[in-house]
Amino acid sequence: RPVQGFKCCTQDFLFTCVDLLLFLLDIGVDIWAAVSLYKQEAYVYFSLLLLFLLGSSMLVQVYSWLWYRYDDFKMKTKIEKKPSQCQLKLLHVFQLGIFFGLFHDDICVFIVPQSVAKFLRQDLRILHFIEMFSVKSTFVLTLPLALSSVLKAIGSTLSIASFLTTYDHSMRTFLPEKEKHHMISLVFYFIWNLVLISSRIAALALFASVLPCFIFAHFICSWLVLFFFAWRSKTNFMEDPRGEWLYRTTVGLIWYFNWFSVAKGMRIRSVLYHAYILIDICILCGLWCWKMSTDPSDFVTHPLTTAACVVAVYVLGLLFKVIYYTFFHPNLDKDKLKGATITEEQPEEEERPLKATDNKRMRKLAENFFC
């Protein structure tokens, strides 16, 4: 058991380091993209980039503040208790709430029990998940791609796929020990996410390279459809109606790139979603081929082959996903997951130490993920 606990701690520390590196890499690539646009004198794209970066940051700060409010501002550590409620609000207004949380999480790894550190890390991972797929992911990926920024595309795709893998690792916290997966399942999870996201981004990039003005119309129309299905899914992640509508809006943004289970019994909707995205990719690649045939480019000599490869890559990603869910993904009743169910009344035990499975928000996501 001590060896197993040491392995668990080592894995958690490794994934924490990966989270931090991805976060810093993401910031660095965003700065690089902004500087590149400014040097190219593309001031319209530069202004839009800053606008969407600010919008993404504001969205994450709103979630962070709402969760503090839902928890009645009960702080778990001495560091969290340092700022007053007013000071904490100012930190969020000035877009520093997430950075305080990140700094606090890194310090807590060394000064608080491992179980408490895991509990605090869960909320940060959800916030980072939202940030990765929010307005920043939607437009910061699309705009530079339209300007042929291949490095940004590759870096962002790898960053998203890697973070989704750490997110899956966090979900596994709620599984019984015998259901926890091995390294090969992590590899499959990373591969199918990487392949699906790469194909989606490539299709958007091809479309944006020939019809850049229509990419915004495509996003708005797609988001409206996806938002409607998020509403019809009857999500219950947040604790008040306005927060729930914000969450459904965010789910529409996430679904623009990748599937995300938001309620129990979403398998049929998952199939419909992937069919919709596959058709959308075919249409985007078809429009790109048509544009390339009417206005040939020296850069691409075989547009039809390129478009077919993008579609084939998405189909390959679906095949990897089927393999993962067939052999590696546990399907459990919510009662078999660790931690209290979300409908249970928690007994007020002041002295009981926190556990990672006490995080009710991550618990809800785990129920949607495994049940």
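Any Cβ shown, glycine's included, is placed from N, Cα and C.
Annotation source TrEMBL lists transmembrane segment at 12-38 (among others).
The transmembrane segment annotation in TrEMBL covers 44-68 (among others).
Taken from TrEMBL, the feature transmembrane segment applies to 139-165 (among others).
Under the heading transmembrane segment, TrEMBL lists 186-208 (among others).
Taken from TrEMBL, the feature transmembrane segment applies to 214-231 (among others).
Annotation comment: TrEMBL describes 271-293 (among others) as transmembrane segment.
Feature annotation from TrEMBL assigns transmembrane segment to 305-328 (among others).
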Other same-chain positions with a Cβ less than 8 Å from the transmembrane segment (271-293) and lying at least 6 residues past its termini are 199-200, 203-204, 206-207, 209-211, 218, 222, 225, 229, 255, 259, 300, 303-304, 307-308, 310-311, 314-315, 318
For the transmembrane segment (186-208), distant same-chain residues with Cβ under 8 A (at least six beyond the ends): 141-143, 145-146, 153, 156-158, 160-162, 164-165, 168-169, 214-215, 218, 257-258, 277, 280-281, 284-285, 287-288, 306-307, 310-311, 313-314, 316-318, 320-321, 323-324, 328
Let me spell it out: take the transmembrane segment (305-328), skip the flanking residues so only those 6+ beyond its ends count, and list any with a Cβ under 8 Å from a Cβ in it. 181, 184-185, 188-189, 191-193, 195-196, 198-200, 202-203, 206, 274, 277-278, 281-282, 285-286, 288-289
Long-range environment of the transmembrane segment (214-231) - Cβ separation under 8 angstroms, sequence gap at least 6: 138-139, 142, 146, 204, 207-208, 248-249, 251-253, 255-256, 262, 269, 273, 276, 280, 284
